[in-house]
């Protein structure tokens, strides 16, 4: 049943071409915009408070990524979340580097508190830090394994009413009463910058067509990353192949290659 929902969500994104508003970091804007286009969605990078009322009135979802955070960005992010709330739209929070500095940690928590409908997507160290536990981090990279963050993820589900996606060698999608484990992807993927940020952007696209868990996006990127790596000579060709495979992915291939366990 879950597999059918995932494949239907892929078709829905391509048919509906939802607009996804991204307040994201300078490093990954190009990557995430291209990934959204390749999957069939419509990206816009909107950072101004002056246009956010209009943007969130017709956008499908809001993605907040704190990767290049500063004091100018913070009030814009909060205001955007308020407008998403006013329009009943899902907010996807990517707490990049949460735990590496108090600014990142407190900003992430403030956004999580503000959002009415929330999906949190982070690596294990970010999820652990967001929940207030001691995490091992090296900049924005995780030093904790995905399963080490399951307790923290369940806390965030209860605390914020959120769905939580823990990405890593194994991906976990944690919702109230259910945990889904995905075992796709490839060991080369962490060598391409912004791979997690790309997942967060895709999560926004799938949220816009009804997936309020983050499962469909994680399933798609895991399968696509696996396929893209088969012909890749290194991170450069993997990044290029990834866009092609996002564009080419069909329901049958997704269902056939998906490695999923539910508990």
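Yeah, the Cβs are placed from backbone N, Cα and C, and that goes for glycine too.
Marked as substrate binding site by Swiss-Prot: 45, 194. The ATP binding site annotation in Swiss-Prot covers 121, 167.
Structure coloured by features recorded in Swiss-Prot.
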residue	record	DSSP class
45	substrate binding site	strand
121	ATP binding site	strand
167	ATP binding site	strand
194	substrate binding site	coil
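Residue 121 (ATP binding site) sits 13 Å from residue 194 (substrate binding site), taking the C-alpha atoms as the reference points. Proximity of residue 167 (ATP binding site) to non-local residues of its own chain (separation of 6 or more, Cβ distance below 8 Å) is seen for 121, 122, 123, 146, 196, 199, 218, given in sequence order. Summary: among the binding-site residues (45, 121), the fewest other C-beta atoms within 10 A of the C-beta are counted at 45. Cβ neighbours within 10 Å of residue 194 (substrate binding site), excluding its own Cβ and spanning all shown chains: 23.
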